[in-house]
Amino acid sequence: MSLRHAPSTSSKEKYHAENIEKVETSSQDVIDIHDEDGELLLPEHREQAERKLVRKLDFRLLPTIILIFILNYIDRTAVSSARLKGIEQDLHLTDIQYETVLAVLYASYVPAQIPSNMILNRITRYELAFRSAILYGGLLISNAFGSPNNTAWLSKAERRLAQVRLAEDAGEADEDTSSDTAYTGLKQALQDPKVYLLAFMGCSQLLGLSFVNFFPTPPWIFSTIVCCLNAWHADRTGERFFHNAAPWWGVILAYIIGVSTSSVGGRYVAMFLMASGYAGFALLLVWTSNAIPRPPAKRAAAIGIVNGFGNLGNLIGSYAWKASWGPDYHQSMFIGIASFSLSTVLALIVRHILIAQNKKLDESDAEEMTPARRQRIEDAARLEGLTFEEAAERQKGFRYLY
């Protein structure tokens, strides 16, 4: 998603303290946050309860998901090691046949992304980038999804707090209304130009990173550290463009080094920069969910489209490192430089669009109240113990992260 910056702890406490007074004098249709489910929303409990909730979600969800991705990608990356051991000679594979072995996975992987993400249409936000990076640290791929709405291992008060945090994050409830179906979400996503820009951006990134299929022993530990630090800082600052693009520029520098010298030392340093390029790609779906936050059905479809189309870059990249171009692979590196240059241009366009949309929000907070928007504001008001007017005013504070 791309939203406003998180308020400081002191401003949060002040805001909730002010709202407590409002709630106590509001109409009877507003839920009392002093009830059992709302006790963690009280200022004296809120900060500590949030930290405990996030830790519980992290410890419950991330280890299993990391393990799944490690097991998944061990098989997928083993083929590059098998190439070093002579699989092409043993199986009498031509260069094009080996490249097709790499590419065939994405023939089914790409189209499966959209329907799968239309099913998994819930997400977290301000803690998302860092936890996404941890997941990529397992194998530097994918990002973390979670739905605390109906989890038995959370108390009713914790579930309420999780829902409120999601609602606060975008000024409205993170739930689909009755009119928001998987089909309407897909239709809305296809009508948003940001989806196409992000999809092509992902495709060009993965093409530029396609060395991974031919890179048997890269410095992935260093890459994982850079990935997590970059994402942690992205969460702290709320900035997206430079945290996505800076690692790409490191890969471009690595490719320039690669085509400029055959020095072992120079190319070894370049390997570190190349592997660290995944720190940018790790935030691609984070930025997608930031740029297209609501409704969740649209966000889910957008993530599926961006991830699915983006992996065409892996398919194309399977043919970008031909054995006949080795050992220098200058042609491959020029392809990578061009790919990341295109990614940078597309990212700048997305950033410009988000800045323009924020200006539009500044100018027209009093937009037309559609039934779907009214329903989401009502849901947010119910979750947070606010009046409709207060929740509507809250929504006006929403801004995209860019």
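Heads up, the Cβ atoms here are built off N, Cα and C, so glycines get one too.
Feature annotation from TrEMBL assigns transmembrane segment to 218-234 (among others).
Remote same-chain residues near the transmembrane segment (246-262) are listed as 205, 208-209, 226, 230, 269-274, 276-281, 328-330, 333-334, 336-337, 340-341, 343-344 (criterion: CB distance under 8 Å, separation of at least six residues from the stretch ends). Annotation comment: TrEMBL describes 246-262 (among others) as transmembrane segment.
The transmembrane segment annotation in TrEMBL covers 268-288 (among others).
For the transmembrane segment (300-321), same-chain residues at least 6 beyond its ends with a Cβ under 8 Å from one of its own Cβ atoms are 96, 99-100, 102-103, 105-107, 109-121, 182, 185-186, 188-190, 192, 194-195, 198-211, 213-214, 284-285, 288-289, 292, 329, 332, 335-336, 339. TrEMBL lists 300-321 (among others) with the feature transmembrane segment.
What TrEMBL lists as transmembrane segment is 333-354 (among others). Counting residues 6+ beyond its ends, the transmembrane segment (333-354) has Cβ neighbours under 8 Å at 2, 193-194, 197-198, 200-201, 204-205, 207-211, 240-241, 244-245, 248-249, 251-252, 255-256, 258-259, 277, 287, 291, 313, 320, 400-402 in the same chain.
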